[in-house]
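Encoded as structure tokens, the structure appears first; notes follow it.
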Amino acid sequence: MAEPTSTLSTATPAAPRISFVSLGCPKALVDSERIVTRLRAEGYELTRNHDGADLVIVNTCGFLDSAKAESLSAIGEALAENGKVVVTGCMGAEPEQIRAVHPSVLAITGPQQYESVLDAVHQAVPPKHDPFLDLVPEQGVKLTPRHYAYLKISEGCNNRCTFCIIPKLRGDLVSRPLNEVMREAEKLVAAGVKELLVISQDTSAYGVDLKYAESRWKDRDWATRFFDLADALGDLGAWVRLHYVYPYPHVDRVMELMASGKVLPYLDIPFQHASPTVLRRMKRPAAQEKTLARVLAWRDAVPDITLRSTFIVGFPGETEEEFQELLDFLDEAQLDRVGCFKFEPVAGAPANALENPVPDEVKAERYDRFMLKQQAISARRLKRKVGTRQQVIIDSVTPGGAIGRTKGDAPEIDGSVKIASRRPLRVGEIATVKIEAADAYDLIGSAVGF
């Protein structure tokens, strides 16, 4: 877990100390930030050491068996080092699985149950709060570095993909009103955040549940809609990066915001597959047969757009012909950044009941072929950047330079730029870098313009 960015530790020496472990996706990280912010507001101090804490909170992931194993391991480690552990998050929706392995945990709550987490903490370690001494930053306590932040715009999902249990864990789509999201975003930017990463389970469905109701922001009524939110965020002066976007037709409108520079020319779109028959078995939303045409149209509208996606190979019933359709799609779409997963059954997912499961050795072979093809595509696309000048946000400083990311790279999941510089660069600074070399995933360059 990253060090919380609140450096104001003015609580009394006797303030209870909480150690926090956050596992899983960025949506879970935002949940962790909300809990941590409430704890700091109540006078609790945060520590990274379990053995020096009065209590440990573990925010779990329960999407895949491997994630559950990691969560159970983290709980066991916390129990061994501390003994007082509160468990929350997606795996908390199945408390019997946790109790079977770790019966001594103090409490288990499901995802988004912030009040239940706080109640459990209060019972185990009552707060010692002095509102005149304790101070929490207005933007809340963040678990990311200071210069970027995840902005969660909704909870839950209305889709019913057969490989996924997110609706079971987190419920149907619940969008936050646009003015509420904008107030949070404005506070983050005022606190020094240079990059806002917009996240949800289905970002392009934002506002559907509210029937796109209008809300007041900056003397104007804005619809609670994907395009309107992106447009409003683009006025804040920070990089705006859009994640978990489904290829619905209305996403086309966002191209004008990218072309004008209001939001980054970047889309994270979880295609998952390209074969129409596999997609039907997956029950994926959107008109997938038009996806390739849409990708090509986006590239025409915004030539420098970066498209990232994730795919699943070895889905039940996947034939060699269907897998070849996926490889052909990679050739035609020429995506910039791609992740791939071998299908893994998730307890409670309808896909588990589908016929003709793919043998593990076939999954592994297809995964290797997929990654080899995409690696070559990514390398060719990055090579095009050699000789160009790119705006790069600095993530860390190194002797004689820094490590950063272009507008086409999200933190943690995409590539980076290794930068040589004659002057010191600062974390969070946006520098102009001349790209001098590239490999399959990363760039090398020199800072210019000084």
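Positions of Cβ are set from backbone N, Cα and C atoms, glycine also.
Some features that Swiss-Prot has for this protein:
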| type | residues | note |
| --- | --- | --- |
| DOMAIN | 16-126 | domain 'MTTase N-terminal' |
| BINDING | Cys25, Cys61, Cys90 | [4Fe-4S] cluster 1 binding site |
| DOMAIN | 143-380 | domain 'Radical SAM core' |
| BINDING | Cys157, Cys161, Cys164 | [4Fe-4S] cluster 2 binding site |
| DOMAIN | 383-449 | domain 'TRAM' |
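On the structure: features taken from Swiss-Prot.
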residue: Cys25; record: [4Fe-4S] cluster 1 binding site; CB count, 10 Å: 18
residue: Cys61; record: [4Fe-4S] cluster 1 binding site; CB count, 10 Å: 21
residue: Cys90; record: [4Fe-4S] cluster 1 binding site; CB count, 10 Å: 28
residue: Cys157; record: [4Fe-4S] cluster 2 binding site; CB count, 10 Å: 22
residue: Cys161; record: [4Fe-4S] cluster 2 binding site; CB count, 10 Å: 19
residue: Cys164; record: [4Fe-4S] cluster 2 binding site; CB count, 10 Å: 21
I need the CA-to-CA distance for Cys25 ([4Fe-4S] cluster 1 binding site) versus Cys164 ([4Fe-4S] cluster 2 binding site), whole Å please.
14
Write out, in the order they occur in the sequence, the residues of the chain not among Cys25, Cys61, Cys90 that have a C-beta within 8 Å of the mean position of the C-beta atoms of the recorded [4Fe-4S] cluster 1 site.
Leu23, Gly24, Lys27, Ala28, Thr60, Gly62, Phe63, Ala67, Gly89, Met91, Pro111
Do me a favour and check the Cα-Cα span between Cys90 ([4Fe-4S] cluster 1 binding site) and Cys161 ([4Fe-4S] cluster 2 binding site); whole Å is fine.
17
Mind tallying the domain 'MTTase N-terminal' (16-126) by DSSP state, helix then strand then coil?
58 helix, 22 strand, 31 coil
For Cys161 ([4Fe-4S] cluster 2 binding site), which of the three DSSP-derived states applies: helix, strand, or coil?
coil
Compared by Cα position, which of the binding-site residues Cys157, Cys161, Cys164 is the closest one to Cys61 ([4Fe-4S] cluster 1 binding site)?
Cys164
List the residues in the vicinity of the [4Fe-4S] cluster 2 site, defined as same-chain residues other than Cys157, Cys161, Cys164 with C-beta within 8 angstroms of the site's C-beta centre.
Asn159, Arg160, Phe163, Ile165, Ile166, Pro167, Gln201
